[in-house]
Amino acid sequence: MNLLSGWVRPLMLGCGLLGAALSAGSIQAAVCEYRVTNEWGSGFTASIRITNNGSSTINGWSVSWNYTDGSRVTSSWNAGLSGANPYSATPVGWNTSIPIGSSVEFGVQGNNGSSRAQVPAVTGAICGGQGSSAPSSVASSSSSSSVVSSTPRSSSSSVSSSVPGTSSSSSSSVLTGAQACNWYGTLTPLCNNTSNGWGYEDGRSCVARTTCSAQPAPYGIVSTSSSTPLSSSSSSRSSVASSSSLSSATSSSASSVSSVPPIDGGCNGYATRYWDCCKPHCGWSANVPSLVSPLQSCSANNTRLSDVSVGSSCDGGGGYMCWDKIPFAVSPTLAYGYAATSSGDVCGRCYQLQFTGSSYNAPGDPGSAALAGKTMIVQATNIGYDVSGGQFDILVPGGGVGAFNACSAQWGVSNAELGAQYGGFLAACKQQLGYNASLSQYKSCVLNRCDSVFGSRGLTQLQQGCTWFAEWFEAADNPSLKYKEVPCPAELTTRSGMNRSILNDIRNTCP
């Protein structure tokens with residue numbers, strides 16, 4: 001299958017807003033973008049993003065579109081879809097309201113018609129916002145285009161959902177008092193029954209109120225009529241203090257950065273995933289430069305150890321990977337994390353990863369397509385004999401133990417619960433569901449395993465990292481990427497304790 005990875009075509013759309021939900025006289029200024037995120041010989045994926053640049057909250061939205069070349073949608077996620085060309089999309093409950101400055105996004109996958117990934121006109125009520133029509137920073141194999149819909153028309157205000165678990169009754173049960181969680185810039189449902197960490201209720205992932213409230217400003221619990229956090233009390237924060245070791249300085253720094261410049265050129269690589277619970281290579285003083293502190297290890301109960309010479313749990317010692325090395329979202333398009341790389345002087349180096357929209361070894365992977373245009377910055381904490389050049393083995397709880405396994409003993413789980421040795425939960429889900437299932441099915445399966453292994457045992461931080469993989473990382477299976485070495489953000493060095501900036505030795509060449 002010949003993949004055209006990373007091809008993105010933006011289109012400014014007319015955005016249909018449900019008139020009954022709008023207050024009289026309010027002026028909406030939403031920017032709506034249709035993007036072809038990936039295309040291969042017979043199919044495509046695309047996303048539609050609605051950004052509220054207006055002066056009031058958008059309460060309810062609807063968009064419609066029609067393919068004229070025979071293209072057809074085969075699956076969707078994060079929206080209720082109806083019709084068989086034309087198509088209409090409406091919210092799934094938790095993304096009904098769009099606070100000022102926030103956005104919602106949903107995606108579709110389909111089969112191509114007689115042309116390459118047609119960009120249809122999307123109709124609805126007028127979107128009044130102005131947005132950039134510049135191409136995405138993803139390397140493009142085709143020219144980008146931008147079209148403003150000049151003749152929008154009203155779309156149906158009542159669209160039934162064709163996505164399991166997205167009916168109005170089930171959606172409303174995940175929402176708590178017309179509130180949602182602004183999880184580092186992404187609106188996420190609040191849980192009704194889960195008291196701490198992340199949960200999975202009524203067919204979707206949700207965040208407990210205490211966990212949501214523990215985020216730094218401006219994030220937290222928001223009203224559907226306001227983007228201002230409603231709860232950040234010290235009592236709420238203290239109840240989940242154990243689930244986050246991020247310092248206040250780190251939190252404030254993380255909230256001030258939402259994007260990084262795109263990579264110009266760069267090196268070719270790909271990302272895999274693992275979490276083996278072992279003490280990492282960079283945890284020994286002999287493996288880091290003399291002016292750099294080694295990575296601290298933790299005990300079996302996740303308490304930091306001051307003795308850097310403690311042996312690895314994978315060799316019978318008491319040193320484990322600390323749970324604060326989970327990946328985390330900074331914005332909807334930027335995340336930070338930690339990774340194993342190939343051998344050499346890598347400890348403490350940071351790399352910008354820009355995902356191209358295709359998989360390294362799984363052609364047509366819907367998760368890799370949905371990940372297109374997103375960026376990660378990872379710090380190297382480990383090396384692996386099974387990690388090749390250009391490969392970044394990202395630390396993801398539930399990502400597979402790989403060559404070593406100290407997790408079964410540390411977490412009290414069976415080997416079978418850990419999923420596939422290489423690939424973890426997602427690989428096990430693909431074995432269970434087959435390799436032609438929809439992205440929403442893969443995500444749901446992974447989230448169920450996150451809840452079963454971590455949520456049921458109160459392993460909140462690990463559950464957050466696992467959920468991040470399904471949500472922000474789009475359950476992408478070994479996505480291809482462009483990368484380059486960059487200065488390390490304070491958010492990463494504060495957590496790891498490794499800061500090699502004094503060495504001023506960033507490499508600008510590909511291996």
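Backbone N, Cα and C define each Cβ position, glycine as well.
The structure displayed is predicted, hence computed values, not measured ones.
According to Swiss-Prot, Cys212 forms a disulfide bond with Cys181, chosen from Cys181, Cys191, Cys206. According to DSSP, Asp393 (active site, proton donor) sits within a strand segment.
Secondary structure by DSSP for the domain 'CBM2' (30-130): 0 helix, 52 strand, 49 coil. Here the Cα atom of Cys212 (disulfide bond) is found 10 Å from that of Cys191 (disulfide bond). Packing around Cys191 (disulfide bond) is summarised by its Cβ count: 25 other Cβ atoms lie within 10 angstroms of its Cβ, all protein chains included.
Rounded to the nearest whole angstrom, the C-alpha distance between Cys181 (disulfide bond) and Cys191 (disulfide bond) is 10.
Counted over every protein chain shown, other Cβ atoms within 10 Å are most numerous around Cys212 among the disulfide-bonded residues Cys32, Cys212. Calculated from their C-alpha atoms, the gap between Cys191 (disulfide bond) and Cys32 (disulfide bond) amounts to 29 Å.
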